[in-house]
Every structure is written in structure tokens, then in C-alpha cells.
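Some notes on the structure that comes next.
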Amino acid sequence: MFLLPRFCLVCSIISTFGFQNPPTNVVSHFNDDWFLFGDSRTDCNHVVKTNPRNYSYMDLNPALCDSGKISSKAGNSIFRSFHFTDFYNYTGEGQQIIFYEGVNFTPYHAFKCTSVGNNDIWMQNKGLFYTQVYKKMAVYRSLTLVNVPYVYNGSAQPTALCKSGSLILNNPAYIAREANVGDYYYKSEADFSLSGCDEYIVPLCIFNGKFLSNTKYYDDSQYYFNKDTGVIYGLNSTETITTGFDFNCHYLVLPSGNYLAISNELLLTVPTKAICLNKRKVFTPVQVVDSRWNNARQSDNMTAVACQLPYCYFRNSTSNYVGIYDVNHGDAGFTSILSGLLYDSPCFSQQGVFRYDNVSTVWPLFPFGNCPTAASIISSDLPICVYDPLPIILLGILLGVAVIVIVVLLLYFMVDNGIRQHYA
């Protein structure tokens with residue numbers, strides 16, 4: 001406790017001279033080992049090809065365009081590419097992963113599988129999907145999308161049962177009913193294999209409700225069976241509703257292996273694409289920037305729901321998205337958030353990114369990295385810092401040595417001057 005006055009004095013000095021080192025609302029990185037996944041707001045190729053030299057289209061500083069650390073596609077998102085025919089192969093690797101995408105699948109698109117479907121279910125799917133992606137990218141370096149080969153021994157082909165507007169679901173694939181089967185009360189199987197990745201994120205989906213076809217109602221039932229380990233993953237329809245339901249998806253994390261997709265009723269589904277996860281790393285939280293439209297369009301908060309501590313830091317602007325290129329591209333607030341990618345930062349926390357790792361007037365919550373040491377401000381003008389006293393002790397020693405040197409020099413010159421006057 002005898003050191004507390006010194007701590008108070010040092011903190012008071014820091015505050016007096018204006019060194020606050022507050023957390024800043026940006027995404028950043030510790031070093032050069034980072035990667036960003038995005039959409040048109042970070043798609044340098046889109047700007048070059050479609051809007052030459054007009055970089056106001058983006059929220060990303062153009063200086064980062066040649067970094068080789070960005071995988072972005074205008075009009076797309078990882079979720080959209082994962083499930084639908086509108087595909088872009090998002091691929092990237094880094095110790096520190098940043099996501100700024102998701103806006104290209106929102107309530108504004110109003111997607112639902114059938115005319116009596118429910119877009120709310122798809123927003124739920126989006127949240128569950130990104131939860132798995134964020135959790136896994138906190139412990140994996142590499143993400144890419146891969147095709148999943150499957151073998152179905154019947155003659156029926158995949159059907160575009162689930163579509164809305166320009167979006168057509170192709171993952172999982174729906175295998176149509178065989179021509180010689182009279183109704184949907186039948187068992188169907190297909191083999192699929194996962195190889196080449198450490199782990200995979202694959203969809204397992206069902207219609208959770210009573211599906212009507214030719215005056216009959218059916219309950220969906222889907223399973224994946226790992227033929228190597230004997231583990232089975234399954235979903236059965238549990239709802240009795242006949243309208244307002246849609247395609248409920250769970251996102252399984254599976255190892256490499258040989259699998260059997262099984263349907264006991266309705267149509268067989270089999271995964272055709274997977275998130276490929278490779279190269280395990282030391283746990284490093286991902287950073288997610290809110291991806292939303294201008295208020296004139298309806299957005300959702302599913303990336304925020306998916307981004308939870310301790311595996312994810314969420315960054316957002318406090319104001320409406322208002323772009324300078326158009327209302328949905330080039331917002332100053334989000335450009336400011338992405339500006340942190342221009343420099344290294346030592347510490348990440350719930351409140352934001354700290355630029356320096358020495359001291360701060362704000363105590364970092366859920367800190368990660370080399371973070372400043374500080375405590376809560378208990379009065380309006382006196383932050384009480386609690387940290388290792390060694391730097392202060394060393395500073396005191398240096399100041400003491402400096403004072404001694406100055407005194408010695410003063411005495412030397414005073415004596416020397418006195419001698420000169422004596423001889424003069």
C-alpha cells in the first residue's frame with residue numbers, strides 16, 4: 001500500500017500531460033499476419049473494374065488493396081456463397097482474422113424457401129452459421145470453401161425446391177423423388193466424403209413443420225452417419241405447423257471421413273459445399289465489423305449475435321450508414337473503423353483497440369495481446385493505476401542519477417570558475 005501514492009502521482013502526471021491511451025473503435029492487428037473477409041465495401045477489384053479510381057465506393061483505405069490480405073466480393077457474403085448458386089470462393093489465412101461482410105443476405109432480400117416460408121428462420125440460420133465460423137476461426141488460420149463430392153445411386157437429380165428471387169439453394173442439395181415412388185414416405189441414401197481439411201463446417205437442414213404435398217403432410221427427417229467412427233448426426237421435424245415454417249439448418253463441425261446421408265421421409269438432402277478449416281493456431285479472437293445497410297433498407301443483427309466474447313470482438317458505428325458514393329457505400333464511420341488496419345496495435349479488448357501497451361486510464365475488459373495496465377477511474381479527476389512498479393522504480397533511479405550528474409557538473413563549473421577568478 002505504501003506504493004499507492006506513487007501510483008496516484010504517476011497517473012496524475014500522465015493525465016496532466018494528456019497521455020490517456022484510450023481504446024479506439026477500430027479493427028487492427030498485432031503484426032503483418034492478418035486477413036480480412038469482406039464484400040463490395042472492401043472489394044478493390046470491383047472498384048478497379050467497375051468504378052475506375054473512384055475508391056469512395058469502399059470503406060477500405062486503398063493503400064491496403066495490394067496487401068494480398070483481403071478476400072472480398074461485391075454483392076456476396078460467406079453465408080451466401082456457402083448456401084446458394086451465387087458463389088465466390090472466399091479464401092484466406094492469418095493469425096488475426098477480420099470479418100466485414102454479411103449485408104448481402106438480410107431481411108431486405110426477404111429470402112424464404114417457399115411462398116409460405118419464413119425469412120426469420122433464415123436469419124436464425126445466418127446467426128448459427130456465423131457463430132460456428134467465428135468460433136472456429138479463433139483457433140484456425142485458414143478458411144476456404146470446398147466442394148463436397150457425393151454419390152447417389154438412384155436416377156433422380158437435385159431439384160431447385162428452395163429458391164426466392166435470384167437466390168437458388170444448392171447446399172445442401174435436394175435429391176428429387178424417384179419416378180417409381182408414389183409418395184414421400186420412403187428411405188433414401190447418398191454417400192459423401194470429406195477429405196483434405198482439418199475440420200469442416202457442413203449444413204444439416206430440415207423443414208421443421210408439416211410439409212404438404214398432394215393432400216398429404218410429411219415430417220422431414222435427415223441424418224449424416226460417419227461410416228468410419230459410427231457417429232450419427234440427425235434432425236427430425238418436431239413442429240405441427242403447416243405454414244410459416246422454413247428450412248432450419250444446423251451447422252455441424254465434422255472431421256474428415258466417409259459419410260452416409262440418410263432420409264427416412266420427404267426428400268434426401270446431401271451437403272455439396274463445406275467451410276474448410278486448416279492449420280490450427282493459438283487461440284486468437286476474431287474481429288467482426290457490423291455489416292448493415294443504410295436505414296432505408298432493413299438489416300439484421302445476426303453477426304452481432306454470433307460474435308460473442310471471448311472468441312470475438314464486435315465493432316460498430318453509432319450512427320446510420322450514410323455513404324458518400326451512394327447511401328450504402330463509403331460511410332465515414334465504418335471507414336474510420338477499418339482505418340485501424342493501416343497500423344499495428346498491441347492490445348484488443350471489448351472496449352476497442354489500444355494503440356500503446358504501457359499505461360491507460362481505462363482498464364481493458366476481456367483483453368488480448370500486450371495490454372496496458374490500468375484500473376477503473378474512481379473519481380472524476382484521479383485515475384488510480386495498479387501495475388508493475390519496476391518501471392517507476394527504474395524511472396526514479398534514472399531521474400536520481402540525472403540529478404546527481406547535474407549537481408556534480410554544477411559544482412565542477414562553480415569550483416572551476418572560482419579557481420579562475422582566484423588566479424585572475
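Heads up, the Cβ atoms here are built off N, Cα and C, so glycines get one too.
Note: Swiss-Prot links Cys371 through a disulfide bond to Cys347 (candidates: Cys312, Cys347). Candidates considered were Cys197, Cys205; the recorded disulfide partner of Cys249 in Swiss-Prot is Cys205. Between Asn104, Asn236, Swiss-Prot assigns N-linked glycosylation site to Asn236; no such entry appears for the others, which is not proof they lack it. The disulfide-bonded residues examined here are Cys197, Cys205, Cys307; by Cβ neighbour count within 10 Å, the least packed of them is Cys197. When the alpha carbons of Cys347 (disulfide bond) and Cys162 (disulfide bond) are compared, the span between them is 45 angstrom. If you measure from the Cα atom of Cys307 (disulfide bond) to that of Asn301 (N-linked glycosylation site), you get 10 Å. Here the recorded positions are Ser40, Asn54, Asn153, Asn358, and the one ringed by the most other CB atoms within 10 angstroms is Ser40. Within 10 Å of the Cβ of Cys249 (disulfide bond) there are 23 other Cβ atoms, across all protein chains.
DSSP classifies Cys205 (disulfide bond) as strand under the three-state reduction. Using Cα positions, the member of the glycosylation sites Asn89, Asn153, Asn236, Asn301 nearest to Asn316 (N-linked glycosylation site) is identified as Asn301.
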